[in-house]
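Taken verbatim from TrEMBL:
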COMPBIAS  95-119  compositional bias 'Polar residues'
REGION    86-119  region 'Disordered'
REGION    179-239  region 'Leucine repeat I (LRI)'
REGION    258-323  region 'VHIID'
REGION    339-371  region 'Leucine repeat II (LRII)'
REGION    480-554  region 'SAW'
MOTIF     289-293  motif 'VHIID'
Amino acid sequence: MQRSQKRRTSNMANRLYYQPPIQDVESYCLPQFRSLDGEVCYSNSSRSQGGAQVLAKNSFHLYSTLESSPANENCNMYISPSTVSFSPSGSPISQQDSHSYLPDQRNSPENTYGSPISGSCITDDMSDWKYKLKELESAMLGPDLSIQDSYDTDFQRLANNSSNEIESWGQIMEPIFKRDVKQVLICCAEAVSDNNLLVAERLMDELRQMVSVSGEPIQRLGAYMLEGLVAKFAFSGSNICKSLKCKEPASSELLSYMHILYELCPYFKFGYMSANGAIAEAMKDENRVHIIDFQIGQGSQWITLIQAFAARPGGPPHIRITGIDDSVSAYARGGGLSIVGKKLSRFAETFKVPFEFHSVAKSGSEVQLADLVVLPDEGLAVNFAFMLHHMPDESVSTQNHRDRLLRLVKSLSPKVVTLVEQESTTNTAAFFPRFVETLDYYAAMFESIDVTLPRHHKEHKERINVEQHCLAREVVNIIACEGTERVERHELLGKWKSRFKMAGFTPYPLSTLVNATIKTLLENYCNKYKLEERDGALYLGWMNRYLVTSSAWN
């Protein structure tokens, strides 16, 4: 019996990982999306649980929605044009297994964006339903152990060893039957976490029929969550991100997508406005103001602050900004920090504000005290807006740049330090709780985007590009990567408070004027956004989920 089961399992694995002959490299794209079908070079490390030595070689190219490119010349990735196509819903499918399914009659011409209408994709008829039951039953209990056969051959074995599997099997089938994308994603993540090869593969196949980059919010997010699951399942260690190097759009396009996201959601405006308000309050009596921005990006945050200082009674102060940034933002800008300096200088000149700009073209983890020239007659403000979560902490590196930067800044004796961060906990969490947290967080963000820019909107394709290039990569990085390769490492405000206090900072309460300004901003958006002031900090959320926090320190 055991030999037969091993033999059948081996045959199933061979069918799962059959690699078709490699053909010429071509690209098949739904606008801005590519499905990869071909051979990928993976690491040789084996799985620690279940003795599974075979990696899911075909998983990545079957479900890939992000544009990917080879990590290096030793890791070749091919696209096989004869085996890749797209479903009407925008979900990548493989022709080698699509013949097993009936044509999708639920995506009519009227269903323009591919959102499935009522009905189950796996219950077109009773025989198909029974086939699915048998397939998942085999994955859960083993190919030689069906429920009926178990009672006939070994009742005691079933009673003692299979009750948990049967219960889990039922829990998996219910959300599939209901087309509950969120719950199926969670079940799949649990299978990946447990290294349950067969169940994970079956659920990924079901998810491929349920998600869509152009569907409802959970379907769109689900497409990128599935991308992360496949990458996590098919790779190991540091090879994950190297194999998920995504093709960047042109810098002008990326900048446009970032601007659209900025306008769609109030999260970034909330963060920048609250930080600016704290800085303006702290510097109201200073004649010379020095702002160190650890991730200046386009420099747009400082436009409104320069205007505010220009209108200050008694005249504006002299403003000096030190802009720190790395090559990622340089690409989006289409050039170095000099572009930011020239733009801000011209703007300050228009408002007759004395201004100078100092650039530090480095990642935050590379910044040293010598890079930050602070003069004794300046009032110093330091800005950490959506930046510190990219710094590795003690769980990643003994250098602990996250706390090192805070101690370095404290040594400069700033009048105010502003912190804006996502209210999420993904830094040190294990894979499965990290997956659930990411699903919950980004589900709220995708829902809020859907309200601002509905799916029938004429700029629907732009919204897809925004989500793909500005949000999806964050999602995949959080889910699929570990160690130094995982750069998206969010922490809750409570943890940030502990870090700031250990570095010697004390809270600097935001003024009531700042709070009133933020409330006025939110009036231009949906009433499902909520703002709360708590312990001197501001929380911005969507319905019942807080998404961004803003606080100040000195």
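Just so it is clear, glycine is given a Cβ too, placed from its N, Cα and C backbone atoms.
With a threshold of 8 Å between CB atoms, the same-chain residues lying at least 6 positions outside the region 'Leucine repeat II (LRII)' (339-371) that come near it are 294-299, 302-303, 306-307, 309-310, 316-326, 330, 333, 387-388, 390-392, 399, 401, 405, 408, 411. When Cβ-Cβ distances below 8 Å are used as the criterion, the motif 'VHIID' (289-293) is approached by residues 279, 283, 299, 301-302, 309, 317-324, 372, 374-375, 378-383, 385, 409, 414 of the same chain, each at least six residues removed from its ends. Residue counts for the region 'Leucine repeat II (LRII)' (339-371) under DSSP, helix first, then strand, then coil, are 18 helix, 6 strand, 9 coil.
The helix, strand and coil residue counts that DSSP assigns across the motif 'VHIID' (289-293) are 0 helix, 5 strand, 0 coil.
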